[in-house]
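Visitor: Have a look at this one.
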Amino acid sequence: MLRSKLKRDDGLKGSRASATASDSSRRVSVRDRLLVKEVAELEANLPCTCKVHFPDPIKLHYFQLTVTPDEGYYQGGKFQFETEVPDAYNMVPPKVKCLTRIWHPNITETGEICLSLLREHSIDGTGWAPTRTLKDVVWGLNSLFTDLLNFDDPLNIEAAEHHLRDKEDFRNKVEDYIKRYAR
């Protein structure tokens, strides 16, 4: 596991007489060091509506998130997200995509997500900053189904206009998508 790689790397620091190719291949990136700490914090502080899955427990930079909202329009749905943490993390945000087709003003049907903290550069100052963590990302994604659901600044304009035009029909389309794609 990555934690054992970190310990092995720490043990090598003091006993390096000469740097060899095999030593440098054992070095752990800044990203991976941060992820060991952040993943532990994330797992200890997950919202009750979220589950995190690491397909490969050695690769903490790639994980899947399942959000199962327990209130609002999306209640009863199971929404899958894929998160990839780039090498330049934490200077740049993770890349997140919604894998579940959804009718949502802030998520396109192809999975693009409008969430300010996932923006590398943000005019309003709410974008990514090195002080943010994976926990912030997961809580932000979870909130897209409740208090951050934003019809005023949509990415999926058609869904936002649909809500504005006919809230009941919007709800019906959301429920149809849940039945088809989010079970």
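Each Cβ is built from the backbone N, Cα and C atoms, and glycine gets one as well.
Note that TrEMBL annotation is computational and uncurated.
Just lifted these from TrEMBL, have a look:
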type	residues	note
ACT_SITE	Cys114	active site, glycyl thioester intermediate
DOMAIN	30-183	domain 'UBC core'
REGION	1-24	region 'Disordered'
Visitor: Near the Cβ of Cys114 (active site, glycyl thioester intermediate), how many other Cβ atoms are there if near means within 10 Å?
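Guide: Counting Cβ neighbours of Cys114 (active site, glycyl thioester intermediate) within 10 Å gives 18.
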Visitor: For the domain 'UBC core' (30-183), provide the mean pLDDT of the predicted model.
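Guide: Mean pLDDT, the domain 'UBC core' (30-183): 95.
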